[in-house]
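Structure record follows, encoded as C-alpha cells.
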Amino acid sequence: MPLPYIFSLLFLITTAVLLFYGLYVLSLNIKSSLHILFFILCLCLSVWSFSLSISNTAQNYETCLFWRRVGTLGWGTFFSFLLHFIVIITEKADILKKKWIYILIYLPAALNVFVFGLYEKIAVKQYNLIETSSGWVNVCCNTFWNWMLYAYDLSFFLVGFTLLVRWAVKLEEGDKKSKAYLICLLFACSFVAGTLSEVIINSMFSIKIPQIVPLLFIIPMTQVLYCIKRYGFMLKKKNSDSSDFHSILNEDSRERLYLNFSIAFLLGAFVNIGSMYFTKRANLEPVLLFSAFMIFIGIGLQAIQQLNIRLSYKDLLSNIILSISIPIITLRYFDYSAIYAGIIPVLFIVTSIAFSQKHILVLNGISSLFTLVWIWINSPSTIVVRFTHVDHAVRIILLLSIFIVAYYINYVYSKRLIENEEKLNAQKLLSRISSIFMNTNENNIEERINEVLKLCGNNFNIDRTFVLFFPNGQKTMKYFEWCSDCESPMNDAAKEKKVRKVFELLDISPFQQQEFDSLPYLAATMEEYMEKEYVRDEETISTIINPLRDKECVIGLMGFESAGQKLKFKEYHKETFKVLAHMISDIMLKVDAEKEINYRANYDALTGLPNRAMFMNQVRGAIKLAERSEKLVGIAFVDIDSFKYVNDTLGHDGGDSLLMKIGERISSCLRLYDIVARFGGDEFVIMIPQISHVEDICAVAEKITSSFKHPLTVGDQEFFITVSMGISVYPIDGNEVESLVKNAAAAMYISKENGKNKYTMCSSFLQKQIEVNANLTNSLHLAIQRKEFILNYQPQVNAQTGEIVGVEALIRWNHPQKGLISPGVFIPLAEKNGLINHIGQWVLQEACEQNNKWQKMGLKPIKMAVNLSLGQFLNPNLVEIVENILKKTQLDPAYLELEITESIATYDVEYITSTLNRLKDLGVTISIDDFGTEYSSLSRLRIMPVDKIKIDMRFTQGIYRGTKDESIIKVMLQLGKTFGLKVLAEGVENEYQLRFLKENQCDEIQGFYFYKPMPAEELELILRGNKNI
C-alpha cells in the first residue's frame, strides 16, 4: 500500500478512536459541562484528523484544499476548547463567571475558522500545499494570519499547561498526582513534537511529512481517559432506578448496550470509508453518504437515550431505527458479498434477546425476513455466487429457527430476571422495614406496625395482613391489621371471630370465658411456615401464618390472606417471611421492655422532668445499647448562671416557676428520645443517646445556649437567663454513668470560670485535672490540722518616700508531696467544697496575730491586708468572725485592711453595703482589689463604703508600652482623688513604672521592684531597718 494511503488510514483510525473516546465520556454524564467539553475536544481532533485523512490522498489540489479548509473546524478551535476544559478540570471555574472571559477564549477560534476556512479570498492564500511521496503537505506561509495562528496556539497552550501543572502540584501525593504530572508531560510533548513537524521541519528542511499533530494528541487524550476511569477525574452520574419492573436490562446495562450499538455503527462508518475509498477506490460521495448514514444512526441512538420519556418508548424508538437500518445495510453490502450480507440480520435478532419487550424482537425479525425476501425476489439470475432458491429457503428456515430459539431464550431470561427482581425487592422491603423500626417506641409502635403491614401487603399483592401479639404473662392480646382497597376493615366482633378461626386452624385454644387470655404454651412444635385454607362468608380464604417467637416461646402470629387467589410462594419468599417475623418479634419485645422501664421511672415533682435516679437508669440503658450498636452517648451538665440572684429577686415561688420554664426551654431543644433531668437546685443534666459524631452533641449545646437569647417570663417580669454547660461522651470520657456525670460537671465549672454562657467539652486533660483536684480536695480537709498552710507577706510602700506602710498576707499551701501550691489552685477547690470559711478564718487570725506580734516587738505599726473571697463575704457571720478575731489577737482594728473584689458588688447590693458598713464600724479599712478588671462602676464607688482601690497589675505592666493602660491608670488615680480614696498600684517591677506612678500622685506601691512575698522572719529584719528609698 502506498505511503500516502498508510498515513490516511492512520488518520482515519485516529478519527474513529478519538470519536469513541468522546462518546464514551459523554455517555457518563451528558449534562456535565466537563464531559461535554471533553467530547468536543475529541470531536475537534476527529474533524482535524478526518480532513487530513481525505486530503492526504486527494486527487488534485482543489480537493485537498477543500478538505484542509474543512479541517479548520477542528484545529482552528481545538486550543480554545482545550483551555476551557483545563480551566474547569483544574477547579478554576470561578473565572468563567465573567462573561468577557468566554469572548477572550473563543473569539480567536472563530477568527481562525473564518480566515482559514470560510472566507475563500483570504483562506486560499494561507495554504501552500505540496504533493509529496507521503501525501499532500502544507508548507507554512509567512503571512500575518499564520503568525497570528502560531501566537494563538502557543499562548493558549502555555496558559493551559501552567494551570495543569499548578493543579498537579496541589494534588495529594500518590498515584493520582503522578498521573496528573504525566498528563502535563504528554500534552507538552505532543505540542512540541507537532510544532517541530509542521512549523520547523516542513519549513526549514527538504524532508516533508504530513501534519501528524492529531496522531500525537491521541496519546494525552488516552491518558486523560484512563484517569477518568481509574481515578474519577470526571465523576460518573448516578444511575436512576427508573427501569420498568420487568425490564431485563437495568439502567447501566441499557446505556452500555446502546453505547456499543453506537460504537458499532460508527466503527462501521469508518470501516466503510477505509475499505471502499482507500482500498477499492470507490467514488467518495456515495461512500461518505453511507458512512454519514451510519454515523447518524449511531448518534441518533444516543440522542434517543437522552429523551425524557419512558424507557419502553426509548427501546421502541431505538429498535425502529435498528430495524430500518437492517435492509439498508444488508442491501448495501449484498452486491459485494451476498453470503455474508445475509448474516447481518442475525446479529440484530440475537441482540433483541436482551429486551423483555417481545415486540422489539418481532420487529427486528420481520424487518430481517422482508429484507431477505426482497433480496430473494430481486436477485439477478446471473449472480457470481451460486445461490439457488433452495439456498434462499434454507436460509429463511435457518433464520426462523434462530428467531424461535431467541424467542425462547428471551422468555426464560425474562422469567429469571423477574425472580431476581422479586428477591431484590424482598431485600429492599426488609431494609425499609428495618429503617422504619429503627426509631420505634411505645408512642409510635402501632403506627409503625401498620405501616409495615401495608408495605408487605402491597409488595406481595395480598388482600389482608395481620399481626397477633400475646406476650407471656399478659392478659391482653394486641391485634394489628391492614387490608387492601377491595377489603373492608373488620370490627371488634369480626376480629374476635377471625382470631378464633386462626387458632382453630392451628388446633389450639387460647381463649377462656370469651376473653383473650395468655398463651402459656402454643404449639412448641409449630412449623415456621404454614399454608391453610378456610371458608369465610362463602369465600375460600387462603392464608399463610408465621409464628412470632421469643427464643423458644411463641409470642404471636403474623398472617397473610387472599380471597381472590390461592397464595403460593417460593422458598425465598418463605425465608423473607421468617426474617420479617423475627424483626416484628424483636421490635414488639423491645417496646414492651421500654414500657416496663418507663412504668417504674420517677420524675421530679416540680418540673415533671426525670429525676436523678431515672436519669442514671436511662443512661445505663443507653450505654448498653451504644455498646451493641457502636454508637456514642452524650451527657451535658447544665447550670443556670447567677440563679441565686434571680431566685432572691423572685422569691422561692417565682424561682420554682422559672425552673419549670427553664426545663421546658431545654426540652424544646432536644430530640424525641433525648432526656433532660433535674438533678437538684438549678442543675439539669441531658442525655443525648445513639449519636455517631461528637459534633452532633455540640450542635445540641449550641441550640440550647442560643435558645436562652430570648427572655423567660415569670409573672409580669422578663428575665434573660444564661447557662453554662459541660459535656462528656461515652465511651470517650468514661464507661460508667457516675464518671460521665462527674466529668460533665467538671467541664461545666470550666465554662463558668471562662466567662459563663458557654459549653466545654470534657477532655483527657480535664479528666486528669479532675483526678488531681479530687486528691487535692481530700488533702485539703486535713491541711489546717497538719499545719500545711503558711503565710507570706509582701510589703506595701509609700510611693513618694518608699517607706513600708503596710503588708499583704498571702497564703501558700506546703503540700508534703507536691510542695508549694498556689492559692489560685486550691482556693477554688476550697470554695467548691465549703472549706473556704475555715481557711479564710485561719488566714485572718494568723495575719492579725503576726501584726500584733510585730507591734509588741516595738516595730512601727503598719496595716495588715487580708483578702476576703466571695464565699467568705457571703457568710452571714463574717462580721462576728472578724470582731472575735480582733478581740482574740488584741489587734487594733485600724491596722487591719480587708480586701474584696469587684465581683462581690454584683450580688445583693443591700446586703453588701450593710456588711461593709458593719465592718467599717469595727474600725477596719476596706479596699477593692484588682480594680478595673471586672465590674468597675462609679455608682458602686459612690455607694460602697471603701477606703482604698488597688490598681490591677495588668494595667501597671502596660506603662511605657504604647498601650491605653497609662490613660486608664490616670483615670483611676483621678477617681481615687475625687472620691477621697487612697490608690495603690500592684505589680510595679521597674523604674519606669515607679516614675510614672509618682509623677501622677499614686499613694502606695506594691511589687517586685521593692519586695517580693517573704516569710514573717525575713520581713521582720526588713521592718527593723525600715528606711526611705
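Using N, Cα and C of the backbone, Cβ positions are placed for all residues, glycine too.
Per TrEMBL, these features apply:
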- 631-764: domain 'GGDEF' (DOMAIN)
- 773-1027: domain 'EAL' (DOMAIN)
- 6-26: transmembrane segment (TRANSMEM)
- 33-54: transmembrane segment (TRANSMEM)
- 66-88: transmembrane segment (TRANSMEM)
- 100-119: transmembrane segment (TRANSMEM)
- 147-169: transmembrane segment (TRANSMEM)
- 181-205: transmembrane segment (TRANSMEM)
- 211-228: transmembrane segment (TRANSMEM)
- 257-278: transmembrane segment (TRANSMEM)
- 284-304: transmembrane segment (TRANSMEM)
- 316-333: transmembrane segment (TRANSMEM)
- 339-355: transmembrane segment (TRANSMEM)
- 392-413: transmembrane segment (TRANSMEM)
Where does the mean pLDDT land for the domain 'GGDEF' (631-764)?
87
Spell out yes or no: are there three or more C-beta pairs under 8 angstroms between the transmembrane segment (147-169) and the transmembrane segment (211-228), with each pair 6 or more apart in sequence?
no
Cβ under 8 Å to the transmembrane segment (6-26), counting only same-chain residues 6 or more beyond its ends: which ones?
35-36, 38-43, 45-46, 49-50, 52-54, 56-57, 134-135, 210, 214-215, 218, 221-222, 225, 228, 234, 259, 262-263, 266-267, 270, 273-274, 278, 298, 302
Under an 8 Å Cβ to Cβ limit, what residues of the same chain, 6 or more beyond the ends of the transmembrane segment (257-278), are close to it?
5, 8-9, 12-13, 15-16, 19-20, 23-24, 27, 53, 57, 249, 284, 287-288, 290-292, 294-295, 297-299, 301-302, 304-305, 318, 322, 325, 329, 351, 354
Compare 33-54, 284-304, 316-333 by their Cβ pairs under 8 Å to the transmembrane segment (211-228) and return the stretch that comes out on top.
33-54
What stretch in 33-54, 66-88, 316-333 has the biggest tally of Cβ pairs under 8 Å against the transmembrane segment (284-304)?
316-333
Would you mind listing the long-range same-chain contacts of the transmembrane segment (33-54), meaning Cβ under 8 Å and 6+ residues beyond its ends?
7-9, 11-12, 14-16, 18-19, 21-23, 25-26, 63, 67-68, 70-71, 73-75, 77-78, 81-82, 84-85, 88-89, 210-211, 213-215, 217-218, 221, 224, 234, 273, 284
In the domain 'GGDEF' (631-764), how many residues does DSSP put in helix, strand and coil?
57 helix, 41 strand, 36 coil
